[in-house]
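If you scroll down you'll find the structure; I have some questions about it.
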Amino acid sequence: MGTQKPRILPWLISQLDRGELEGVAWLGESRTRFRIPWKHGLRQDAQQEDFGIFQAWAVASGAYTPGKDKPDLPTWKRNFRSALNRKEVLRLAEDHSKDSQDPHKIYEFVNSGVRDIPEPDTSQDNGRHNTSDTQEDTLEKLLSDMDLSPGGPSNLTMASEKPPQFLQSPDSDIPALCPNSGLSENPLKQLLANEEDWEFEVTAFYRGCQVFQQTVFCPGGLRLVGSEAGDRMLPGQPIRLPDPATSLTDKSVTDYVQRVLSCLGGGLALWRAGQWLCAQRLGHCHVYWAIGEELLPSCGHKPDGEVPKDREGGVFNLGPFITDLITFIEGSRRSPLYTLWFCVGQSWPQDQPWIKRLVMVKVVPMCLRVLVDIARQGGASSLENTVDLHISNSDPLSLTPDQYMACLQDLAEDMDF
């Protein structure tokens, strides 16, 4: 027998009716519109009471226990916003979150009668609550307790189910400036800019022997192909894997590798969509992927997923990476992984040495390597001269440790989880 978690709408209505939280209030006698303070956490004038509604929901939902858990303002705000955004009876009427004097948002019930939802009994779970309520509670708990590991589900359909609306969303929390950092703007936000291209280091191995390495900027993404021609009509810059006959001496192995390359067809496509890296196979041979160390893939266990055919699949999410990087700097975990490994034409080497596989390809997003290096060295200003972020059109980076942390936290609030 446990305590039932409150539902967001009845709980929020009760908070509005009480009027005890600073800035949280009904607008007008009809009580269909209300305002929520929405001050950025890095503003110099930010006070604890500015985030009262977010903390109160974190406590009520069981995501935060005062005195036990570490306060996490960005996560509280994201969870609260996500809970509201999932409600079809609510809409964001006005966004004044960039107002320098009074940052806030105004929400509106699209059905005037919905605000009369009764507050559920939260004393003892008597097992008689509505099935839909149970599903809602379970979903919200899964979302709040989710382990945001970098390896997202391989069957994510990014293009149709999760478009990168967070890039220039009107509901974005990030202001034009990066407060408390002494910077006029956050240079790390270039990572999400539509017009910016990431630089990738691509390395290919045939039976464990490195046969190819190239560092490229690829507008529209890249495609690993096995022939010179490929299909020029497909998007992404084709990167041809080398003829195995030029580097392998075993003829039987050479023949097998050539067979795999011939089945690549249109290639293995990899591109960035906002905070995601997406992949799709355009040929017949299966491709499995996993996040691992730069020096070797994560063998000994199953792959993180299989690259889907004829649709997009998410293979890397920048959001959890940034969150884990912040936690690493705080000393609470190891540095996050960022290297993508692909096993082409064969099953993932979970029970065998990876060097036994015919074709393995490693892809390193150079900007993520730089971010981890900065964290390990205690700030970009601690490295020699300035740091290249390895993004097209980006300026050299030089940040103190405090500036770097502030920019990471600022960037994290721009993420969609």
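Every residue number used here counts from 1 along the chain in the order it is shown.
Glycine too: its Cβ is placed from the backbone N, Cα and C atoms.
Sharing the feature lines straight out of Swiss-Prot:
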- 5-111: DNA-binding region (DNA_BIND)
- 111-134: region 'Disordered' (REGION)
- 140-417: region 'Mediates interaction with ZDHHC11' (REGION)
- 147-170: region 'Disordered' (REGION)
- 196-356: region 'Interaction with HERC5' (REGION)
- Cys263-Cys285: disulfide bond (DISULFID)
- Lys362: N6-acetyllysine (MOD_RES)
- Ser382: diphosphoserine (MOD_RES)
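Looking at the shown structure, can you explain where the listed features end up?
Confidence across the region 'Mediates interaction with ZDHHC11' (140-417), taken as the mean pLDDT and rounded to a whole number, stands at 78.
In sequence order, Gly226, Gly283, His284, Cys285, Gly345 make up the list of same-chain residues 6 or more apart from Cys263 (disulfide bond) whose Cβ falls under 8 Å from its Cβ.
Taken residue by residue with DSSP, Lys362 (N6-acetyllysine) is part of a strand. Lys362 (N6-acetyllysine) is surrounded by 21 other CB atoms, counting those within 10 A of its CB over all protein chains shown.
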How many neighbouring Cβ atoms, not counting its own, are there within 10 Å of the Cβ of Cys285 (disulfide bond)?
19
